[in-house]
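*Asks:* Just dropping this structure here.
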Number of protein chains: 2
Amino acid sequence: MIRLSTTEPGFDAAFTRLVNARREADGDVARDVRTIVAAVRDEGDAALHAFTKKFDRHDLNETGWRIEPADCLLAYQALAPELRSALELAAERIAAYHTGQIPQDTDTTDSAGARLGARWLPVDAAGIYVPGGRAAYPSSVLMNALPAKAAGVERLVMVTPTPDGEVNPLVLAAAHLAGVDEVWRVGGAQAVAALAYGTGRIQPVDVVTGPGNAWVAEAKRQLYGVVGIDMVAGPSEIVVVADGANDAAVIAADLLSQSEHDPTSQSILFTDDAVFADAVAQAVELEIGRLATARVARESWDANGAIVVVDSLDAAMPLVNRLAPEHLELACEMADAHRLFDFVRHAGSVFLGRHTPEAIGDYVAGPNHVLPTGRRARFSSGLSVLDFMKRTSFLALDEGALAQLGPAAVALAEAEGLPAHARSVALRLR
Amino acid sequence: MIRLSTTEPGFDAAFTRLVNARREADGDVARDVRTIVAAVRDEGDAALHAFTKKFDRHDLNETGWRIEPADCLLAYQALAPELRSALELAAERIAAYHTGQIPQDTDTTDSAGARLGARWLPVDAAGIYVPGGRAAYPSSVLMNALPAKAAGVERLVMVTPTPDGEVNPLVLAAAHLAGVDEVWRVGGAQAVAALAYGTGRIQPVDVVTGPGNAWVAEAKRQLYGVVGIDMVAGPSEIVVVADGANDAAVIAADLLSQSEHDPTSQSILFTDDAVFADAVAQAVELEIGRLATARVARESWDANGAIVVVDSLDAAMPLVNRLAPEHLELACEMADAHRLFDFVRHAGSVFLGRHTPEAIGDYVAGPNHVLPTGRRARFSSGLSVLDFMKRTSFLALDEGALAQLGPAAVALAEAEGLPAHARSVALRLR
């Protein structure tokens, strides 16, 4: 953890280092992924079988390639009642929020008599990647699958690795609840390639979303254009802007809720109260000991945590915009939070006031928890129904409208040296 | 040109070949681009200077790195009056259409008392790539710059190569009209890298859009994630669905308006009238001879053109959806065009009726002419203000709302093995 104060000499340089720090490993990932992607494209199921044997240590022909809907239903029925109603509440709220995102078609006729519009349609098929192991989260299944279903996607395919053949029943239960149509027990770059190109068994999809390790992220990046993807995701981060009236233990828990995800996660506190800053630093040390995730949280907090003391919370906001954080908590009185929010230009999701912990957005609030990381909130948005839809523009002119607009098109086409363009209009103007 | 009929044996296989044909070169482009991108990232202006000397054959320190706004204004003032008013009509209509795309913010409070919403903001800075040479089109400047300006982008940067130092006055005039803030005379993969990473002279941007050759497209693909990009663009295509009541010369001009772009372009006619099919094939031969672009149009039509005779225009539509064309003309009576349009699932832009040639959309109609190519209309959309904006979701709960939603979040966090997530909520519920 580093501690900074805006009044210290050298603050600018230190803060710039914080902004620019790359927490993403690359190494030979890109090269390995190119090899895997090419093998799946060329050899299909055989490559998928071989990579699964190698990386996940089980034989798909023995464990089975698919997990049947009946098995997902069983997993759902076996949930403890409290967990089942929590998942149901989450699903209901996420579905409602994303249904509200469906864009409206447009269709207008202008003064020239030209009818212009746009029509939104869902993609035919979408694939969602669900990690195995440490990051196998049923909430991620809901956050990826429900926007696709809200968009109207007919065929929703889930891929998830089952290392050593072991399945995660929570993930299957969420797949049932979210209406996933197919579940394949494959993972890694090979699973993304299978979704993009199709194999003998797996039909290709149009869009691939979902979190994954560096290999999965790189496979999505390499296959962008063959399929649509959501975003290249990196290690996640939280920025908490808090005044001294908060409970230090609560803010410490907020910071650690990001740190416990991964050693590369980042948690940063901005406060205008140096005494409160000390209290949070101490509370983090106390809280961290209570966590079953202490090892990861400790590693992340030590390497990437930061506490920045500022003159005023307002003065923190330009710094926050430079960080363009995935998650931003404005932990202060609601009126102050709203004032600060007006200064926010770049953030994935903002949590206002003292009673809105980031974790409430991870699970049940409704907005998506798949958000731009690594400063990408400068230009990209959280996952939404738009990632599973596309827009077709349309034009309809009658003779009168063409007579009005045509001559300008002819002039421009001729100026650009495209005579067939000009002819296609001019021939209709005779 | 190949000619197919749905009633012939072997049609399915032949049509599948047409759908899957890759018209994109790759070769060593990816490797070359990686080298160029790394050099610009590490060496900035020096690399930009060297690559420009090598590829564009002029010395930036002599010709000048920037083209000044005053020079763009001069180019604009020097336009022939007819061309100037054509450009102005186009700019006005494009700006109006794209202003209509600005998404609405949302802000609602649900029955649990949770306030949920989304706020859209423009990116801080955008870069647009404008090719030099054959594809230096002022219409492309308008189609890329005006959506950015409609979105509210403060800093709009144009890069354009000036081979042998020569500038294209039409492009400069369009830059003036569209309100471009900076023009740099650099191009190729090196210009895209300069926009993404910044150099000493060029400040980085958040989003890069615009057409380019294979190197430019690959640079955008590789830098996706460092910056936002519009879409990986490939060779363009048109599908014309026409009944026998059309003028064969008109439809031939429509097909050739795509063929004349590039040898890799594709033009495909579907018709239910075999006699009309023959007439169009003959008309293409006649028309092609009139064109100053005959060489390119001939090469493209011979290699990639197709005429497909179908039983009925309705029967053509599933085939059209498999092609997911960039441009689709439905050249028939308006009522029939609307009926056919209802079957369209995948197309970048659709032109309805006999009086709506595709070229009208290239220039003056209003909707964007930057559209998904290479079957990517399955999952992506034409350029819009959304490419220059991003959405921040926000949540604000009071004590009552947290009391209602909190326990479910705690249950899910515990089930996922994320105790700090659970603590951050539970501590607030005490």
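Positions of Cβ are set from backbone N, Cα and C atoms, glycine also.
Curation does not apply to TrEMBL; its annotations are automatic.
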*Asks:* Among A:His58, A:His98, A:His176, A:His327, indicate the single residue that TrEMBL lists for the substrate site containing A:Ser236, A:Gln258, A:His261, A:Asp362, A:Glu416, A:His421.
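*Replies:* Given A:Ser236, A:Gln258, A:His261, A:Asp362, A:Glu416, A:His421 bind substrate in TrEMBL, the matching entry from A:His58, A:His98, A:His176, A:His327 is A:His327.
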*Asks:* Going by DSSP, is A:Gln258 (substrate binding site) sitting in a helix, a strand, or coil?
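*Replies:* DSSP call for A:Gln258 (substrate binding site): helix.
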*Asks:* How long is the line from the C-alpha of A:Ser236 (substrate binding site) to the C-alpha of A:Gln190 (NAD(+) binding site), rounded to the nearest angstrom?
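*Replies:* Here the two Cα atoms lie 24 Å apart.
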*Asks:* Which one of these recorded positions has the most other Cβ atoms within 10 Å of its own Cβ: A:Glu326, A:Asp362, A:Glu416?
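*Replies:* Sorting the candidates by Cβ neighbours within 10 Å, the top entry is A:Glu326.
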*Asks:* Might you list, by sequence position, any residue in that chain lying six or more from A:Gln190 (NAD(+) binding site) with a Cβ less than 8 Å away from its Cβ?
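*Replies:* The list for A:Gln190 (NAD(+) binding site) reads A:Ile36, A:Ala39, A:Val40, A:Ala47, A:Leu48, A:Phe51, A:Thr52, A:Phe55, given in order along the sequence.
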*Asks:* Taking Cβ distances under 8 Å as the criterion, give the subset of the recorded positions A:Gln190, A:His327, A:Glu416 near chain B, ordered by sequence.
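*Replies:* Among the recorded positions A:Gln190, A:His327, A:Glu416, the ones whose Cβ sits under 8 Å from a Cβ of chain B are A:Glu416.
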*Asks:* Take the Cβ of A:Gln258 (substrate binding site) and count every other Cβ within 10 Å, whichever protein chain it belongs to.
*Replies:* 31
*Asks:* Which of these binding-site residues has the least crowded Cβ, counting other Cβ atoms within 10 Å: A:Asn213, A:Ser236?
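*Replies:* Least crowded of the binding-site residues A:Asn213, A:Ser236, by Cβ count within 10 Å, is A:Asn213.
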*Asks:* So if I measure Cβ to Cβ from A:His421 (substrate binding site) and keep only same-chain residues at least 6 apart in sequence, which ones fall under 8 Å?
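*Replies:* The answer is A:Ala409, A:Ala413.
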